[in-house]
Each structure stands twice: as structure tokens, then as C-alpha cells.
Amino acid sequence: MDLFGDLPEPERPPRPSAGKEAQEGPVLFEDLPPTSSTDSGSGGPLLFDGLPPAGSGNSGSLATSGSQVVKNEGKGAKRKAPEEEKNGGEELVEKKVCKASSVIFGLKGYVAERKGEREEMQDAHVILNDITQECNPPSSLITRVSYFAVFDGHGGIRASKFAAQNLHQNLIRKFPKGDVISVEKTVKRCLLDTFKHTDEEFLKQASSQKPAWKDGSTATCVLAVDNILYIANLGDSRAILCRYNEESQKHAALSLSKEHNPTQYEERMRIQKAGGNVRDGRVLGVLEVSRSIGDGQYKRCGVTSVPDIRRCQLTPNDRFILLACDGLFKVFTPEEAVNFILSCLEDEKIQTREGKPAVDARYEAACNRLANKAVQRGSADNVTVMVVRIGH
């Protein structure tokens, strides 16, 4: 079972053939398409005509100010968001650094939530546009750290809320403070330890209650270390990258995360080996996801909190990252969602409040319109839509 999947850097030479890999040993990191690819994963290629390249139009120069925005919304049953928009409250600052002659792309998150037909809002999210100071990384190796996450709770609000409040705090405590031999390996190990520790903390608290809490939650987290994204995922929430292809002059939706459900072969094998079973596509006929935070009663049946971790090098052609829970993807394909957002970003009729940059108003509107449209299309789940703007 691969724990890590890499997105290759844009100009990395092609990987060896499958036969050669088989001879040389197992592949540790699964590659995703390079810059020029239009492959959108399982959804197939996504091509958008007549759209400007990333960084064109009103995207402008993004910056990362020292302030940070944390949005934690209670969420407990893998559903989505309230009716108010939640937005990153500071300007994005583009950090120019004489580091490998590169520019650190600014990142800024925007989010909207709708409760939908659910009685309770069980989704949660966190936006931390810049936590470099809190992480205190070795300045010779790392210039900027950002964190964005969505959590889709089930069985209650407590697991998703706990993860939103504690996972990034555990990550900050475990983040490398001194010089390291390999930033990539150290960050991946940090993420694995963080997920394990957060799950253990919640299960300890849940089991001490009378009756014991049975809540669980998915988790999709994007950790940006300079221009490298590390995507850690449990369950069926997703992260999608919108990347512009210069050759085709079209945009593509690239999947950054892997969904975990009990019908997948390796997931089912792990569950069965642990003594569990899969009925009607669910663990023991009940739980829809095969990896999660919480769900203590299913952990002995093969459900795990070990995330898949993928690595992606940002490029000048990247426009934004979409993070959303399955309430969105029940009624939108990744391609449709990205296309919808792009159309909103090109809408010059969107009005802005005095003092707010037009680009912020457009991203806020894109989140809110997409969440509203998901509800209109009949998503009965909570809906959380987070879009992370990539500044150039």
C-alpha cells in the first residue's frame, strides 16, 4: 500500500517504464501529471476554451501578510457549510526570495459553507495563509509555510471540530525546527506523525465519555512549504489543482488527493485482514470511508488514520486549488467545479465592497456561488467549498 504519491516537478524527465520499476523495486511516490499534462485523473482530461492563462486578468500580484486566518467550523457527519461565507481576512503577499532564483507564490484561501438539508453542520475547515513564524522552520531551507484543510464529519460534529482545532497545532509542534538532511522526507514524516497523534488524542477523549463518542471525520489538508504542496488525505474529501496548459491554451483539473472507500481493492483487503468486512460498499455495512479520524469502533476492523500523502510542485501556470467535501462532488465533477469557478473569476459584473480588491470579491463569489449551486442541484449533504488563490 503506497502511502505517498508525488506530483513530478514540471521539467522532470519521464519516469522509467513499469517493467523497469518492477525490476528495481517498489515505487514509493506515485506521480501525477506534469505542467503540460491535461489529464485530470479519473475524471479524464479537462479542457477549457477561451480562458486566460494563470496570472492573467485581475489576479494581480498576491501577497502574504504576516497575519493569518483560522476558520474552524464545527462539522461532524461528512457534510457541508452554513450560509455565511468565510473568507481569508488578509492580503496575500507575494514573497520574492533569492532561493534557487525562484519566487514564492502567494497563497490566500476563501471558503463558503452550506448546511443543506442536514439538521446539523458537521463540516469544519481551517485557513492559515502563513504560519511560517509559528512553525519556525530553518530559514536556510524554508521561507514560507501555509496550511489549508477541510474536514467532513459523520456521526456527530466532535471529530471534525477536534481535527480542525488540533491537527494544525500538532503539525506546528512537530514541524522541523533545525537543519534537516531532506526537507521532503522530514515533512512527510511530520504529517504522518501529526495524523497519528491527532487521531489518538481524539480516540482517547472519545473513549473516556459515557457513552463513548462514535464520531468520525475525513481530512484533506494542503501544507505548502515554499512552492511545494504536500497533500495529506483521509476519506472522500478532495483537493483539485487548476493548471493552465500553454500548449493547448486550456485549463486542466488535476486531482491532488486519493479517495478512500471500502470498495477499493487495497482498502478492502486491509479491512478483511483485520477481521472486518465490506457490505453494500461500507465497512460492516455502515461506514462509507475506509480511513478517518475517530470512528473508534471501526479502527479494530481495519479503518486507519494513516493518510495518503502526495507532493506537488507549484508552477507559474497554476491558478488555484479547490478543497471540498463530498457534498460538492456528489453533484459536481472536478472538471465541472473548476470550470464553474473559472467562469466566476471572469465575471466582471461581480461587485466589491469599498476597500476590498476586486480579485478577492471574485474568489469569494466563486465559493459562494458554487456552494449555492451544489445545494440547488440537490446535494442533501453539508457543502464546504474552499478555493486557494495562487498569486504570481
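We number each residue from 1, going along the chain as drawn.
Quick reminder: no glycine exception, Cβ is built from N, Cα and C everywhere.
Residues or ranges marked as Mn(2+) 2 binding site by Swiss-Prot: Asp152, Asp326, Asp381.
Positions annotated as Mn(2+) 1 binding site by Swiss-Prot: Asp152, Gly153.
Feature annotation from Swiss-Prot assigns compositional bias 'Low complexity' to 31-40.
For 59-70, the entry in Swiss-Prot reads compositional bias 'Polar residues'.
Residues or ranges marked as compositional bias 'Basic and acidic residues' by Swiss-Prot: 72-91.
Under the heading domain 'PPM-type phosphatase', Swiss-Prot lists 108-390.
Annotation source Swiss-Prot lists N-acetylmethionine at Met1, citing similarity to another entry.
The N6-acetyllysine feature in Swiss-Prot is assigned to Lys210; the stated evidence is similarity to another entry. The Cβ of Lys210 (N6-acetyllysine) lies under 8 Å from the Cβ of no residue that is in the same chain and 6 or more residues away along the sequence. Secondary structure at Lys210 (N6-acetyllysine), taken from DSSP and collapsed to helix, strand or coil, is coil.
Taken from Swiss-Prot, the feature region 'Disordered' covers 1-91.
The highest number of surrounding Cβ atoms within 10 Å, among the binding-site residues Asp152, Asp326, Asp381, is found at Asp152.
Here the domain 'PPM-type phosphatase' (108-390) has a mean pLDDT of 96 out of 100.
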